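As written in Swiss-Prot, here are the features:
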type	residues	note
BINDING	Glu57, Glu87, His90, Glu171	Fe cation 1 binding site
BINDING	Glu87, Glu139, Glu171, His174	Fe cation 2 binding site
Amino acid sequence: MLNIDKLIIGFDSALRTLLAPANTLRPVPGKDLPENELSEIEKRESAALMRINHVGEVCAQALYQGQALTARNDRVRQALDQAAREETEHLAWTERRIAELGGRKSFLNPLWYGGSFTLGLVAGVLGDKWNLGFLAETERQVEAHLADHLQRLPHQDVRSRAIVTQMKVDEACHATMAVSHGGGQLPAPVKVAMKFSSRIMTRTAYWV
């Protein structure tokens, strides 16, 4: 059940996600790799793809925070909080890499955050089985989208590739965690709707 303390924590988390630089406890993947020379076209492509990945992490933060607010089981809430901390690291990694590439973050991050937070709240209200099932499916789709980015990133952009590779590993772990905690299999129409929404987000974030 929602209470004032949880709402304050949620509001603080939203401000930190959208306005404050993200922090990471783990070393940034690829930080010791060489910064190979990229053409302007390659830099723009890498920056756009990393912007999409950053938006994905903004959405993940919002989703986890919304789900944690309405989760009914303390064990589930703790698992969501742990995953959210790892997603914060992804936020920091992508943010840093965008800056290194001379790119910018999406202007629509508040919109992405608000929509994902609402989805997280709704998923949590439906109960932990569907809450975790929604999380697992989200992470599977994110993992697939990161695999696609590994195909699209310039081969010589080894720093971006190292970050995306580690993110892909972490997302797979989050999906496994959600299933192990009792996540249910979502109906096929819900999965299709999620893919459609994700496609709109990624195509928009590529440019905006």
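A Cβ is built for glycine as well, from the same backbone N, Cα and C atoms used for every other residue.
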Binding-site residues compared (Glu57, Glu87, Glu139) - the one with the fewest other Cβ atoms within 10 Å: Glu57
His174 (Fe cation 2 binding site) and Glu57 (Fe cation 1 binding site), Cα-Cα, nearest whole angstrom: 13
Neighbour count (Cβ, 10 Å) for Glu171 (Fe cation 1 binding site): 25
Remaining residues near the recorded Fe cation 1 site, that is with C-beta within 8 Å of the centroid of the site residues Glu57, Glu87, His90, Glu171: Gly56, Ala60, Glu86, Glu89, Leu91, Val142, Met167, Asp170
